[in-house]
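According to Swiss-Prot, the protein has these features:
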type	residues	note
ACT_SITE	ASP123	active site, nucleophile
ACT_SITE	ASP250	active site, proton donor
ACT_SITE	HIS279	active site, proton acceptor
DOMAIN	47-148	domain 'AB hydrolase-1'
Amino acid sequence: MDVVRTPDARFQNLVGYPFAAHYVDVAATDTPHLRMHYIDEGPADGPPIVLLHGEPTWSYLYRTMIPPLAAGGYRVLAPDLIGFGRSDKPTRIADYTYLRHVEWVKSWFEELRLAEATLFVQDWGSLIGLRVAAEHGDAIARLVVANGFLPTARGRTPTAFHIWRAFARYSPVLPAGRLVAAGTVRKVPPAVRAGYDAPFPDKSYQAGARAFPQLVPISPDDPAVAANRAAWDALGRWEKPFLAIFGERDPLLGRADRPLIKHIPGAAGQPHARINANHFIQEDSGPELAERIISWQ
């Protein structure tokens with residue numbers, strides 16, 4: 001497995017991202033150890049909250065949520081998934097599998113010895129995080145999902161997703177900043193778009209981002225389907241607090257909160273919300289998300 005690391009110089013002086021870098025080695029069952037980057041802010045003895053990003057972003061997505069959550073007393077941890085941000089990046093699309101991503105995040109939880117954590121997930125963060133919660137639930141006390149879901153290959157896949165999947169694999173460019181800007185309500189300034197582009201100096205660093213759409217299980221014979229269906233069944237027995245906060249302007253996932261709220265017992269009586277945001281709800285409404293989490297006791 002060939003691995004690249006984005007040069008540190010790419011992350012200097014990014015707008016709104018003054019956080020110190022932390023690293024830990026993680027491994028999947030069938031991979032060597034890889035270096036995973038994460039943010040660790042707020043009081044070390046505060047209740048941990050883990051913020052898990054998705055495609056094609058990194059912990060930069062949480063830059064407006066981290067300070068208020070830390071000020072609210074949380075120990076705020078935001079990892080970069082393998083292939084993203086400042087984490088190691090295997091160079092082949094085939095190096096990435098759904099199971100490996102789940103195992104890398106589980107390994108990260110174990111290395112940090114996290115317990116009683118609040119887990120906030122969005123986009124691919126939910127595809128990974130909901131599996132982790134279902135399979136490693138003793139580390140997680142509360143779940144928050146924003147514009148995410150757990151695919152089980154039941155039902156029709158929108159044509160728009162097939163187009164996105166082909167674009168991600170075959171397009172000569174994968175402009176992360178412009179993709180984020182296309183999924184927000186508010187205008188994303190060029191300097192912020194540059195922050196999303198920072199991890200990807202050229203195509204050799206993009207295999208992880210190009211792989212993610214290919215890994216969404218949309219066919220019943222996908223190797224991830226059995227584990228996802230088992231995780232969905234386990235979430236049907238999840239009685240710990242569960243909160244859904246969705247951006248209602250998201251054309252694909254704006255209503256994906258409904259099956260989650262209906263299925264998960266811990267969702268009953270919680271202050272779920274749909275707010276004026278698009279898919280990248282953290283970019284549109286980061287401080288509001290932080291405030292809703294802080295007030296959710």
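Quick reminder: no glycine exception, Cβ is built from N, Cα and C everywhere.
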What count of other C-beta atoms do you get within 10 angstroms of the C-beta of HIS279 (active site, proton acceptor), across all chains shown?
27
Among the active-site residues ASP123, ASP250, which residue has the largest number of other Cβ atoms within 10 Å of its own Cβ?
ASP123
Measuring Cα to Cα, tell me the gap between the residue listed as 'active site, proton donor' and HIS279 (active site, proton acceptor) in whole angstrom.
5
With DSSP, how much of the domain 'AB hydrolase-1' (47-148) is helix, how much strand and how much coil, in residues?
43 helix, 25 strand, 34 coil
Could you tell me the C-alpha distance between HIS279 (active site, proton acceptor) and ASP123 (active site, nucleophile) in angstrom, no decimals?
8
